[in-house]
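Undergrad: Please see the structure below; I have some questions.
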Amino acid sequence: MTQDKGSSAVEQGMLSLLRQFGWEIAKNTRWLVSLTAAAFLIWRRDAVTIAAIGGALGNAALGKLLKRLLAEKRPDGAPVSDPGMPSSHAMSLFFLSLYLSAAINVWTDWPMAARTIVTSSLLIFSTYSAAWRVRAGFHTPAQILVGSVLGGFNGMAWFYFNHQNMAALQRLDVFLKESSALPWALCGSLIVGALLVGSVERKISKFLKSKSENK
């Protein structure tokens, strides 16, 4: 009996650690995804990767623009006060997961089992992280749903566009490398990405609002 209780306590402790680990991963999703994308961009250093990251940045910018246009409030008690429709986190997560899933299935010769495991993991991670945004009070379910659908659609559409224009991307890759413009393209992508991920526009808006109130 004592041994059973000890085993149960260990299992409960392990489950608690796993939940805490999952919570930390979901809480820091934007930094994990952004750093991974930046590392991949620096490692690959080609036009195809720059195009993929460029699409992700455009998708993120669209999400921020739609938030301002729709101006739908976040749930009561949300940790931040800017508009929440659609969720830009959900848009980015599902853009990248759907884009990468399509790229893995079309552009690689990985075994079917490997492709299935990786693409399933991407979708599970995106779904869990998006759901965490609701549980943590950042968004309503509708804001997450709209962001997920829109981001996923954008990811698939951007992949299709790049796939159809692969020859042009390959020519661009040659041009960037021969003209020494590649470092500038990489730096530009990283700078824009840092500005979007850091929600600079939110900080500027908060600063201007504070300055206006203090007058």
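From the backbone N, Cα and C atoms, a Cβ is placed for every residue, glycine too.
All annotation found in TrEMBL is predicted automatically rather than curated by experts.
Relevant sequence annotations retrieved from TrEMBL are reproduced here:
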- 47-66: transmembrane segment (TRANSMEM)
- 82-165: domain 'Phosphatidic acid phosphatase type 2/haloperoxidase' (DOMAIN)
- 87-107: transmembrane segment (TRANSMEM)
- 113-132: transmembrane segment (TRANSMEM)
- 144-161: transmembrane segment (TRANSMEM)
- 181-200: transmembrane segment (TRANSMEM)
Undergrad: When secondary structure is assigned with DSSP, how many helix, strand and coil residues does the domain 'Phosphatidic acid phosphatase type 2/haloperoxidase' (82-165) contain?
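TA: The counts are 68 helix, 0 strand, 16 coil.
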Undergrad: Restricting to the domain 'Phosphatidic acid phosphatase type 2/haloperoxidase' (82-165), report the mean pLDDT as a whole number.
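TA: Within the domain 'Phosphatidic acid phosphatase type 2/haloperoxidase' (82-165), the model's average pLDDT equals 89.
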